[in-house]
Ligand code: NDP
Ligand code: ZN
C-alpha cells in the first residue's frame, strides 16, 4: 500500500510502497480517508521529537486521522463506520500497563507508551491502518472531511479540562480567555472557547496572541470567531493585563518558552494557564521571586498538558460538531493527494493546516 514516510537519514518525506498492515486478532482494519499535518510531524521529520519503530529504517508519519472501518474483525464496529484513532499504544514489549488499563494513556510517563506516527510506532499516513477497536472513536458520517481535526481538538479539550479541574475547589466564575498562538492549535482553541456550549459559554470574552501584520488570514479567523487579536510585538503577554484585562484562563499554544512565565502576570487572581507548547531547550532571564510570589499570593495555577484520552476525543467530536463550516474551510488551507505529500509538508507562510487525502468515503 501507499504510505508517506520519513526514512532514516533523510530530511524530507518519501512517498513509497510499504507492506499492508498485519491485522492481529484484536485489530480492526481501517481504510484511511484523511491525515492532517502538524508541527509535531515536522519535529519528527527533523529528528527533534519522536523515534522510529524498533528495527525499522523508516517510519510512517501521521497521527491526526479519519478513516472508515473496512473489516470490523469481530469487534462491535460496523463496516463503513467512520472512526478516528487515538495516538498512544502500550509499548510492544507488553506487560501490564496501569495507565492503559484505566483509560488514561495520556497520563503515562515517557517510556510506558509508544505514539503512532511520533515515537516508536508507525503512523496513519497510509492507505490502511490496523488497530484495536478500543483505540477507535466512532464519528458521524458527516465528519469525513474534517474529522481528522478531532485529535488536535482533543489535546485542547484535555488542557482545558485539567485547567478547570485546578479551579474546582472554590467558586470560580471565569469570563475571559486568552489563547497564546495563532497556529492551528491556537485557532482551534479559540474556536473551542468561543463556542456556545455548557462548558465554555462562561467565557464571554476571548483574545488570541500572534505576531503578524494585517491582512492575515489567521487574524481574520480570530476576529470572525468574535475574539480580539493581540500582537505580541506591541502588547507582549506581560503587558496584556494593562492593555486589555486580566485573563481568567490562558491556553498557551506558541511553544515560546517565556510565555508560561509572562502568563502568570497576565492572569487574573485565581486564574489558571494551561500549557501546550513544546519548545526546545531555551534559557531566559526572569524575576523568579516575583513570579513565585504572584502565583502564591494570587492563587494562580500553571498546568502542563499533553495528548488526550477517549472521553476527551468524544468531547472534541462534540466541539467539532459546533464549529462553523466557514471556520473549518478557512483553517484547512490545502488538501493534497499522497503523491503530493512533499508539497503538503513544505513551509508555506500562507498555509494554516494541510491534510493528505488517501480516499473519500
Ligand atoms: P505552530 O508552530 O504552527 O503555531 C505556533 C503559533 O504561535 C505560530 O502561529 C506563531 O506565529 C505563534 N507564536 C510563536 N511565538 C510567538 C510570540 N512570541 N508571539 C506571538 N505569537 C507567537 O504550532 P501548533 O499550532 O501546531 O502547536 C502549538 C504548540 O503546541 C507547538 O509547540 C506544538 O509542538 C505544541 N503541541 C502540543 C500538543 C500537546 O498535546 N501538548 C499537541 C500538539 C501540538 P508565526 O506563525 O507568525 O511565527
Ligand atoms: Zn499533533
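Every residue gets a Cβ built from N, Cα and C, even glycine.
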Quick one: which of 66-85, 86-105, 106-125 does TrEMBL have down as region 'Disordered'?
86-105
For the substrate site that TrEMBL assigns to 40, 115, 151, 155, which of the candidates 307, 309 is also assigned?
307
Between the two most separated Cα atoms in 182, 183, 184, 185, 211, 212, 276, 277, 278, 305, 306, 307, the residues recorded as binding NADP(+), what distance in Å do you get?
28
Return the single residue from the binding-site residues list (276, 306) that has the minimum number of other CB atoms within 10 Å.
306
Report, as a single number, how many Cβ atoms besides its own are within 10 Å of the Cβ of residue 182 (NADP(+) binding site).
26
